[in-house]
Amino acid sequence: MGNLRRILLTQLLTFHYIWGEWTCPGFLCTDGGCISQSALCDGTADCHDGSDEFEDTCGLLQCKKDEFACGSRRCVSLLFRCDGTDDCGDGSDEASCHKNCTAESFLCERTGSCVARAKLCDGWPDCPVGQDVGADACPSGQTRAPHTCFSSEFSCGDGQCMPHSWRCDHSPDCADASDEDDCDQNECLVSNGGCSHLCVDLPMGFLCDCPAGMRLVHDSQCEEIDTCLDTDVCNQLCVHVNGTFSCDCHEGYLMSPKTGECKAKGDVAQLVLSSSEGVRWVNTAGMEYREIAAHLLGPGPMAALTANRTLYWARPGQGSIYRISMDGKPLDPVLLLKSHGAVLGLAVDWIHEHLYWTNAGTHSIDVARLDGSVQRLLIGGLAMPTGVAVEPLLGLLFWAEGGSSPRIECALLDGQGRLPLITSAIRNPVAISLDMPRRLLYWVDSGMRTISRVRFDGQHRKTVVESNGYLDRPFGLAVFEGHVYWSEQATHSICSADKHNGSLFRVILPNIAFPGALVLIHPVLQPKGSAVCGNTSRVCPYECVPDLFSGTGSPSFTCVSPTGGVVLSVLLVGGALWWWKDVFKPSRTLTFLDFSLKESQDPLIHGP
C-alpha cells in the first residue's frame, strides 16, 4: 500500500558529453547505471545492484517523527504501521503487531501481520517466515513451506534438505547424520526415492534410472533426449527419424538453399536500440542506420507493436512509459502512463493488446491496456525483477529476477500458475528474449557473462555464448532467425552471434554511447492466430476476452462467439495441463509442474 501511494520524485536525466565521453549528472551506480540524484537513498533500489541504497552510500537512516524506519532503509508513514500490508518490503512495519485478524485473513505468528486466506497454501510464503505455507496452515501437505523439502529431497532431522541421492552413501551430509540412518530399508518405497521415473533399490542405498529415450540429470531427474535440440541441425522445425534429420521452416519464413537458415519473408528486420543519444534503428544486416527519437534520451527498456509500428519506451530510473510511432518523420513521444517505480523491462501482448513491465519500485510485474487507460499490479513480492517477455498464442508470461535468489519463471498471462524454469547456475539475468519458432527462452546473465537458452518447459538448458570480451556489461537481448543480438555497455557496441553455439560473432554497431535495450521489428515476430484461452490446451475459435482489470472475482479468459454468447469461460488457476498437449509431444508422461522442478542441470553444454 505504501509503495502504491509513494511516487518517485525523480528528475528527468540529462546526459552530458565531455570530450566525447558520457558522464552521469546524477548518481553513478557501481554497476555502471545512472540514476537521478533525487532517487538516491530514497528507500527504493533504483540501481540494478541496489548501490544507491547501500549504508556506505547513504549512512544511517533518519526518518521524520511521523514516519517509521524500515529495516529495508525506507521511511513509511506511521499510519502504515501494523496495517496488515508489508509497506517496507521486508515486513518490519508489520513486526510485533500482535493484532487480531479477520475471518478472511490469517495471522502470521511472529510478526502479527495478517495475510488474506486466499493466499494460504499457494506455495509462496506471504508471512515473513512462511507460516502461511507451513504444515500448521496446510495440513494436507500440498504446498512446500520454506523448511520442508521437495519429493526429490531428503529431510534431515533438523529440517535441512538434501538430495535424495545422498541418502545412504556412506558419507553423512546432514548436520545430524540422519541421512545415514536406517539404510537397510528400501528407499524406493518412500516417494520413489526422489526419482522422477525409475528407482532401483540396492543392498546399500539406491539409484535412479530412466526409460529408453531419456537421460538422467542431477542424479534423480529424467530429461527426454531431444536429438534435434542437442545437435541444433535445424534452424526451426526438425524431424529426427532413424538417424536422419528433416528440416523445415514455419509459415512466414523461407529456407536458404545455401545455409539452411530460415529467413523471414519480406523486408529486412529492423533492430531498434535505446541509448544516451536517443532511440535509433539499424537493419539486421548492419547496412542502414536511422534516428527515431533523438529526444528519448537514455538506455531505457523498450517493446513494440508491429501491426501499427508503435514503440514503447520507459525513461531510465523512472516509471514513465512513452509511446511513439515509427512511421514517417520523427514525432514527439506521447506519455502513455506513469508507474509507481522504475521500469526495467517491457513486453507487448499483441493478441490481447496488453503491455507488461517489471517494476523495481514495487518489486512486481505490472500490466496495462495498450492505450494506458487502466493498469494494475499483476505479480508482487519479487526481489529484483528485470526482463519480461510474453507468448500470447500459448498464453504464457516469462520474467527474470535478480537479487539474492536469481531465477527465471513463467506463468499464465494473468499471473496465475507461477512455475520456476531456471533456479541454479544463474547470477544476474538482465534481459530475456523468446525464439518462438523453436519455443526457446534466451537470457543474458551479466554475472555469468553468458547468453543461455532453455525450452519453455525448463528442459534442455544450454549456454550458447560465453564471455568473449563483449559480455562484461550486457544490457539488451533479442533473437531472430539464426542469430542472437545483444547490447554491451563496456565496449559501447551492438553485437550478434549464431544462436546455436555463439559462432559467427560480429560487432554490428560500434561506438554507441551507453547502449540500452533492443527490440526487433518484423511481422513474423508477432503472428496472428487463435490463442490459448485459459488454463487448458484449447484455443478459442472466436474471440478470447481477458478480464484482468475488473477488480472483482478471479481473473478469467472468456471465449465469446460473434453473437455475444459465451462459449468457454475458464478461471485461471495453476496446476492444470493448460497448454501441454498442444505444445509438446503427447508421449511425455510428466506434468508441467514436474518439469518445472527438474530443469536441465548442465548449463555449460556447447554445440559443436
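One-based numbering along the chain as shown.
Any Cβ shown, glycine's included, is placed from N, Cα and C.
Curation does not apply to TrEMBL; its annotations are automatic.
Per TrEMBL, signal peptide is recorded for 1-20.
Annotated disulfide bond per TrEMBL: Cys29-Cys47 (among others), in sequence order.
In the shown protein chains, 16 other C-beta atoms lie within 10 A of the C-beta of Cys63 (disulfide bond). For Cys63-Cys75 (among others), the entry in TrEMBL reads disulfide bond.
Look at TrEMBL and you will find Cys70-Cys88 (among others) tagged as disulfide bond. Its Cβ taken as reference, Cys70 (disulfide bond) is surrounded by 22 other Cβ atoms within 10 Å in the chains shown.
All protein chains included, Cys82 (disulfide bond) registers 19 other Cβ atoms within 10 Å of its own Cβ. Residues annotated as disulfide bond in TrEMBL: Cys82-Cys97 (among others).
Residues or ranges marked as disulfide bond in TrEMBL: Cys149-Cys161 (among others). In sequence order, Ser155, Cys161 are the residues of the chain that are 6 or more apart from Cys149 (disulfide bond) and have a CB within less than 8 Å of its CB.
Using a 10 Å Cβ-Cβ cutoff, Cys156 (disulfide bond) registers 18 neighbours. Summarising the annotation, TrEMBL assigns disulfide bond to Cys156-Cys174 (among others).
The feature disulfide bond is assigned by TrEMBL to Cys168-Cys183 (among others).
For the domain 'EGF-like calcium-binding' (184-223), the predicted model reports an average pLDDT of 83. The domain 'EGF-like calcium-binding' annotation in TrEMBL covers 184-223 (among others).
Note on the domain 'EGF-like' (187-223): DSSP counts are 7 helix, 15 strand, 15 coil. Annotated domain 'EGF-like' per TrEMBL: 187-223 (among others), in sequence order.
Annotated domain 'EGF-like calcium-binding' per TrEMBL: 224-263 (among others), in sequence order.
Here TrEMBL flags 227-263 (among others) as domain 'EGF-like'. Residues 437-438, 455, 460, 462, 481-482, 500-501, 523-524, 527, 607-608 of the same chain lie 6+ residues outside the domain 'EGF-like' (227-263) yet bring a C-beta within less than 8 angstroms of a C-beta in it.
Taken residue by residue, the repeat 'LDL-receptor class B' (353-394) breaks down under DSSP into 0 helix, 25 strand, 17 coil. For 353-394 (among others), the entry in TrEMBL reads repeat 'LDL-receptor class B'.
TrEMBL lists 395-438 (among others) with the feature repeat 'LDL-receptor class B'. Helix, strand and coil counts from DSSP across the repeat 'LDL-receptor class B' (395-438) read 0 helix, 24 strand, 20 coil.
The repeat 'LDL-receptor class B' annotation in TrEMBL covers 439-483 (among others). Across the repeat 'LDL-receptor class B' (439-483), DSSP classifies residues as 0 helix, 25 strand, 20 coil.
Taking DSSP states H, G and I as helix and E and B as strand, the domain 'EGF-like calcium-binding' (224-263) has 5 helix, 16 strand, 19 coil. Put simply, of the disulfide-bonded residues Cys63, Cys75, Cys82, Cys174, the one whose Cα is nearest the Cα of Cys47 (disulfide bond) is Cys75.
Annotated pair Cys168 (disulfide bond) and Cys174 (disulfide bond), C-alpha to C-alpha distance, rounded: 11 Å. For the disulfide-bonded residues Cys63, Cys75, Cys82, Cys156, a Cα to Cα distance of within 10 angstroms from Cys88 (disulfide bond) holds for Cys75. Listed disulfide-bonded residues: Cys29, Cys47, Cys161. The one with the lowest count of other Cβ atoms within 10 Å of its Cβ is Cys161. In this structure, the C-alpha atom of Cys82 (disulfide bond) lies 12 angstrom from that of Cys70 (disulfide bond).
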